[in-house]
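**Q** Quick paste of what TrEMBL says about this protein:
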- His85, Glu86, His118, Glu119: Fe cation 1 binding site (BINDING)
- His261, Glu262, His294, Glu295: Fe cation 2 binding site (BINDING)
- 1-26: region 'Disordered' (REGION)
- 99-139: repeat 'HEAT' (REPEAT)
Amino acid sequence: MVTASCVPVHAHAEDSDQEDVSSTTPLELSAEKISQLKGRIMDETQPMEKRNRCVFTLCAVRTEPSIDALSECLKSKTCSELLKHEIAYVLGQMKSYHAVPVLIQTLEDESEAVIVRHEAAEALGAIGQKDSIGVLTKYLEDPSIEVRETCQIAIDRILYFEKRRHEGKPSEVECLSMYDELMLGQTDEEEMSKMFQSVDPAPSSLLEGTEQARIERAKVCKRGHQTTEYRGLFALRDIGTDAAVHAMIEGFSDSSALFRHEVAFVMGQLQSPASKEILTKVLCDANEHEMVRHEAAEALGAISTDDTVEILQKHLKDEHGMVRESCSVALDIHQYFHSDQFQYADGLNE
Ligand SMILES: [Fe+2]
Ligand SMILES: [Fe+2]
């Protein structure tokens with residue numbers, strides 16, 4: 001199992017003046033404490049932001065009992081969609097085969113919210129078990145475009161790293177839909193996103209050359225397959241300059257809501273003030289997909305300036321439940337970044 005960052009936004013390691021020890025050292029908790037955390041996640045009388053911290057606390061434990069507790073919450077029919085998608089996400093970040101059955105069950109449950117099924121499919125890709133390709137292939141025909149697209153990206157990821165592990169480089173024939181290696185370069189799983197401590201849905205492309213040349217090449221990825229587009233997006237994130245952020249902004253014109261939500265997520269990882277204006281626009285756009293608005297809200301929480309607080313507070317009364325809940329979580333993330341709290345994953349604190 002590799003380490004998983006235990007702050008929802010997976011903030012840039014260099015930008016944080018506090019070291020989140022939970023991202024490197026598993027928390028040791030008794031069965032009783034694990035059960036207490038599970039109870040808090042399920043307790044609808046608790047504020048959303050506290051319940052979210054409990055999810056990330058269980059993620060920091062990284063043991064089979066903590067995965068079982070998260071799995072029970074994921075299977076619950078009453079738990080909020082926002083929390084369930086976050087649970088599916090952290091199960092992927094924990095990279096344990098132990099979580100595969102519950103993630104498959106979640107993907108297969110067509111009555112489940114799209115955002116939760118999307119995150120379950122993405123988590124299966126992050127865990128990377130080859131046997132998951134069968135179920136992911138089945139849902140390439142799903143009625144939801146977000147689920148279909150995620151399944152393709154997850155299959156590409158599993159195939160890519162399988163080939164990397166066994167042969168060093170995927171053949172073009174076997175990975176037809178995948179990556180233009182000449183243009184994008186090769187990436188080892190261990191090397192991926194050390195800076196952001198996240199298991200990305202697609203490997204960032206290792207581009208060489210000047211900043212401007214790398215940005216231009218990352219932008220070209222947009223003309224390819226969606227997985228390639230993702231690789232270009234992560235390349236822009238890894239460049240991380242204002243110019244790279246401006247190139248990312250074009251991603252909000254993409255026809256895929258899935259891609260737009262990933263752009264917002266990545267902006268949250270970067271925490272660049274250069275993305276504040278566009279993220280505010282996305283959050284305020286009532287016609288935008290809820291998944292995208294949710295990621296925009298949490299990204300604004302991570303950017304964490306006083307004017308972002310104002311806009312997040314305003315949307316605590318948004319007509320969409322997922323947006324309202326995301327704003328509560330975002331305000332809590334903001335508070336965390338401005339406090340002397342030792343770690344975000346402190347679900348057992350009163
Ligand atoms: Fe997502
Ligand atoms: Fe999310």
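Positions of Cβ are set from backbone N, Cα and C atoms, glycine also.
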**Q** Around the C-beta of Glu262 (Fe cation 2 binding site), how many further C-beta atoms are within 10 angstroms, looking at every protein chain?
**A** 29
**Q** Whole-number Å only: compute the distance from the Cα of Glu295 (Fe cation 2 binding site) to the Cα of His118 (Fe cation 1 binding site).
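**A** Approximately 14 Å lies between the Cα of Glu295 (Fe cation 2 binding site) and that of His118 (Fe cation 1 binding site).
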**Q** Do me a favour and check the Cα-Cα span between His85 (Fe cation 1 binding site) and His294 (Fe cation 2 binding site); whole Å is fine.
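**A** Their Cα atoms are separated by 11 Å.
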**Q** Give the distance between the Cα atoms of His294 (Fe cation 2 binding site) and His118 (Fe cation 1 binding site), rounded to the nearest whole Å.
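**A** Between the Cα atoms of His294 (Fe cation 2 binding site) and His118 (Fe cation 1 binding site), the distance comes to 14 Å.
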**Q** Do me a favour and check the Cα-Cα span between Glu262 (Fe cation 2 binding site) and Glu119 (Fe cation 1 binding site); whole Å is fine.
**A** 12
**Q** Can you break down the repeat 'HEAT' (99-139) into helix, strand and coil residue counts using DSSP?
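**A** Within the repeat 'HEAT' (99-139) the tally stands at 32 helix, 0 strand, 9 coil.
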**Q** Write out, in the order they occur in the sequence, the residues of the chain not among His261, Glu262, His294, Glu295 that have a C-beta within 8 Å of the mean position of the C-beta atoms of the recorded Fe cation 2 site.
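**A** My list of surrounding residues reads Arg260, Val263, Ala264, Phe265, Met291, Val292, Ala296.
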**Q** Average the per-residue pLDDT over the repeat 'HEAT' (99-139) and send me the rounded value.
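**A** Across the residues of the repeat 'HEAT' (99-139) the model's pLDDT averages 97 on the 0 to 100 scale.
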**Q** Please name the residue among the binding-site residues His261, His294 whose C-beta has the most neighbouring C-beta atoms within 10 angstroms.
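**A** Going through His261, His294 one by one, the largest Cβ count within 10 Å is at His294.
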**Q** Test of understanding: give the count of other CB atoms lying within 10 angstroms of the CB of Glu119 (Fe cation 1 binding site).
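**A** So the Cβ neighbour count for Glu119 (Fe cation 1 binding site) comes to 28.
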**Q** Within 10 Å of the Cβ of His85 (Fe cation 1 binding site), how many other Cβ atoms can be counted across all chains shown?
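**A** Neighbour count, Cβ to Cβ under the 10 Å cut-off: 25.
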